[in-house]
Amino acid sequence: MEAQNHTTVKEFILLGLTENSTLRVILFMIFLGIYTVTLVGNFSIISLIRSCPQLHTPMYLFLSHLALVDIGFSTSITPIMLTGFLGHTVTLSVAACVAQFCIAVTFGTVECFLLAVMAYDRYVAICSPLLYSTHMSPRICFLLVGASYVGGCVNSGTFTSCLLILSFCGPNQIDHFFCDFPAVLKLSCSDVSIIGIIPSISAGSIIVITVFVIAVSYTYILITILNMRSTEGRHKAFSTCTSHLTAVTLYYGTITFIYVMPKSNYSTAQNKILSVFYTVVIPMLNPLIYSLRNRDVKEALRKAIIRIFP
């Protein structure tokens, strides 16, 4: 019997976002700018948090890891997409395609867990401030961050295992700008009735668990804020949560639509647009969201600029 993971297709061709040459040039300039802002913004967040003692707190530790994950997430996809905009045929071996998807899923899943951890951090800070140093000790923070990366690797392993047992013996053109699971699955000549469901269950479980943690955390946060007598205290508590809630809404909204909703509910073009949003745009927006609305980050940035340009 032929091995189940035997493939006759040796490489995949990524069709990208568009075949229009003029539009490709425009998109190249736009996405090059977005990628540059992503790298500069997230590296700035990381260096700022590491260099400023006032930002050496659990919240900013998690934010620095979120910035690192955003860099990895965007870098796993954007450079290859930019190559396609230059008019080159983007060809990836099956192994390279699987590797790209594996890396992207790892970072994407870690981001889910980090957003949940950050919600728990805000819950402890606002609802149990006297116990904050105990509940968010360096050891616990290390465990939470480590568990986020382990969870990302486990989910990525589930998706990757499903890809590796597929056979590809027909068309090799992926109608996408990266090796996304649904797009690759369409090219398989294997029975995908079960394989197509397993990753959705894995991704759906992670989304449900992390959203539950976030929802419960913010329910208690809201109750605590409403019971505050001080208007200033309420405003300060709300201001520390709005940035995180914005990031959560943007990220979870898109990944739920792509990986959990039935595929018949949207077209390939809509899938591409949503994928651009969560793989390219959101990693650029996160440092802006967290810095523009955060007084501590803005103050640390001001001091850093003064040190560099006295």
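Just so you know, the numbers here start at 1 and follow the chain as drawn.
Heads up, the Cβ atoms here are built off N, Cα and C, so glycines get one too.
These come from Swiss-Prot:
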DISULFID  C97-C189  disulfide bond
CARBOHYD  N5  N-linked glycosylation site
CARBOHYD  N20  N-linked glycosylation site
CARBOHYD  N265  N-linked glycosylation site
TOPO_DOM  1-25  topological domain 'Extracellular'
TOPO_DOM  47-54  topological domain 'Cytoplasmic'
TOPO_DOM  76-99  topological domain 'Extracellular'
TOPO_DOM  121-133  topological domain 'Cytoplasmic'
TOPO_DOM  155-196  topological domain 'Extracellular'
TOPO_DOM  218-237  topological domain 'Cytoplasmic'
TOPO_DOM  259-271  topological domain 'Extracellular'
TOPO_DOM  293-310  topological domain 'Cytoplasmic'
TRANSMEM  26-46  transmembrane segment
TRANSMEM  55-75  transmembrane segment
TRANSMEM  100-120  transmembrane segment
TRANSMEM  134-154  transmembrane segment
TRANSMEM  197-217  transmembrane segment
TRANSMEM  238-258  transmembrane segment
TRANSMEM  272-292  transmembrane segment
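Sequence features, as recorded in Swiss-Prot, placed on the structure.
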| residue | record | contacts (Cβ under 8 Å, 6+ apart) |
| --- | --- | --- |
| N20 | N-linked glycosylation site | none |
| C97 | disulfide bond | F12, I174, C179, V184 |
| C189 | disulfide bond | S167, F168, C169, G170 |
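Counting Cβ pairs under 8 Å that are 6 or more residues apart, the transmembrane segment (100-120) and the transmembrane segment (238-258) reach 3 or more and are in contact.
Remark: the transmembrane segment (272-292) makes no contact with the transmembrane segment (197-217), by the rule of 3 or more CB pairs under 8 A.
Of the candidate ranges 26-46, 55-75, 197-217, 238-258, 55-75 contributes the most Cβ pairs within a distance under 8 Å of the transmembrane segment (134-154). Classification of C97 (disulfide bond) by DSSP places it within a helix. Within the same chain, residues 7, 9-14, 16-17, 21, 24-25, 27-28, 31-32, 34-35, 38, 107, 160, 163-164, 168, 174, 177-179, 184, 279-280 sit at least 6 positions outside the topological domain 'Extracellular' (76-99) and bring their C-beta atoms closer than 8 Å to a C-beta of that stretch. Residues 58-59, 62, 216-218, 220-221, 224-225, 237, 240-241, 244 of the same chain sit 6 or more residues outside the topological domain 'Cytoplasmic' (121-133) yet have a Cβ under 8 Å from a Cβ within it. DSSP states for the topological domain 'Cytoplasmic' (293-310), grouped as helix (H, G, I), strand (E, B) and coil, give 14 helix, 0 strand, 4 coil.
Remote same-chain partners of the topological domain 'Cytoplasmic' (47-54), defined as residues 6 or more beyond its termini with a Cβ less than 8 Å from a stretch Cβ, comprise 60-61, 63-64, 296-297, 299-301, 303-304. Sequence-remote contacts of a segment are chain residues at least 6 beyond its ends whose Cβ falls under 8 Å from one of its Cβ atoms, and for the topological domain 'Extracellular' (155-196) they are 4-9, 11-17, 76-77, 80-81, 84, 92, 94, 97-98, 100-106, 109, 202-203, 206, 258-259, 263, 268, 271-272, 275-276, 279.
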